[in-house]
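So that you can see what the record holds, here are the features copied from TrEMBL:
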DOMAIN    11-117  domain 'Acyl-CoA dehydrogenase/oxidase N-terminal'
DOMAIN    121-217  domain 'Acyl-CoA oxidase/dehydrogenase middle'
DOMAIN    230-373  domain 'Acyl-CoA dehydrogenase/oxidase C-terminal'
Amino acid sequence: MKNFDELFDTEKRALINKVAVYTNDKLTHEAKYFDETSEFPKELLTPLLEQNIFSFLLSDEKLDLAVFLEIIRIVSKKFASLASILLTQGFYVIHPLNEFGTKKQKEKYLGELVSGKKIGAFGLSEEAADSRFNSELKTIAWETEDGWEISGSKKYISDAPVADVFLIVAKIQRSSDSMDTGIFIIDSNQEGLVINEPMNKMGVRSLPVASVDLNKVKLDKNSLLGGVTEGSRQIQSVMNLMKLAVSLQALGISQGSFEKGMDYLSLVRRFGNRLIDNQDIQYKMADLRASVYSAEAFTRQIILTDPQDTIEVAMAKLLTANVAIETTETVIQLTGGYGYMKDSEIERYVRDAKITAIYGGSSRSQKEIIAKHWIDNRGEKYSGN
């Protein structure tokens, strides 16, 4: 988008350009293999880690956040699974530890997570409770004399099969019968924590996902994130940034699919004709380009103004997910049999786009967040003033 790059200094622009070159030169050719095999792309992750990209999340500056999100968008244009791994590590693990962790917790975990030496995962979703954290959580942390004992199960946990450390959301049960919410830091080798078999997914297939069971996991008092039972506030911050990251991923998928489609539609065929010379196809592609551009402008405005505005972040995620699904499905229709073939990679964009309307909060839950504010506040946000 015009003028956005101008906000970054020379060093930041150079890094973004380096990531773009790596994405175009390497990820373009490797994504197909990893999608087919569902392997964890460790060797593709390493060059990005060498650029110290997670360090941007240790800053309070909006432009540093914007740099990391721009990397998510660029990587998503060619390999959405790798972008999912990056945003999971960044916003589900590094951000909450950096923002809310105690000094001791940061010293123990943050360095190796930022370097990528260790992988983290965030356990929120359950069978009866999705990413709307105020849903009925069944995972319970009982306070004991020595610390905590946690039991429960978590579903669809990104990076769980490769994680070294987990951040687990649980209801806190005290002797006083009061119920709070907290986030607990648990090493993957902790007794009682069971990581189940990786799930076979439709899209973002190189992002490993599994359920996790906690069977009377015993923890010391230092395992509670920040040492306080402020889980609701902490989770809200995590989810807002996660939704922005998924929004940039959706934009990258939209743009990557659009470019793939244009490449095919612009091929010269018999008698010098091209599919893009058809006016109906031109109009459809023009509509897609306008939708993607508008969604990008809106989302970037939120990043630069207030990335913790829950209502606007929900709007961005809802909008960009819808655009990603519309763009990828339209492109596969316009490219016909070619787009439907595995070798074209266009069908992979269709599969990957679907997840942007699911994880980080479903599109339905984003609509509920937006509408609830109108009901509770007599529509004060409706006018945009």
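The backbone N, Cα and C atoms fix where each Cβ goes, glycine too.
With DSSP classes pooled into helix, strand and coil, the tally for the domain 'Acyl-CoA dehydrogenase/oxidase N-terminal' (11-117) is 90 helix, 0 strand, 17 coil. According to DSSP, the secondary structure content of the domain 'Acyl-CoA oxidase/dehydrogenase middle' (121-217) in residues is 3 helix, 49 strand, 45 coil.
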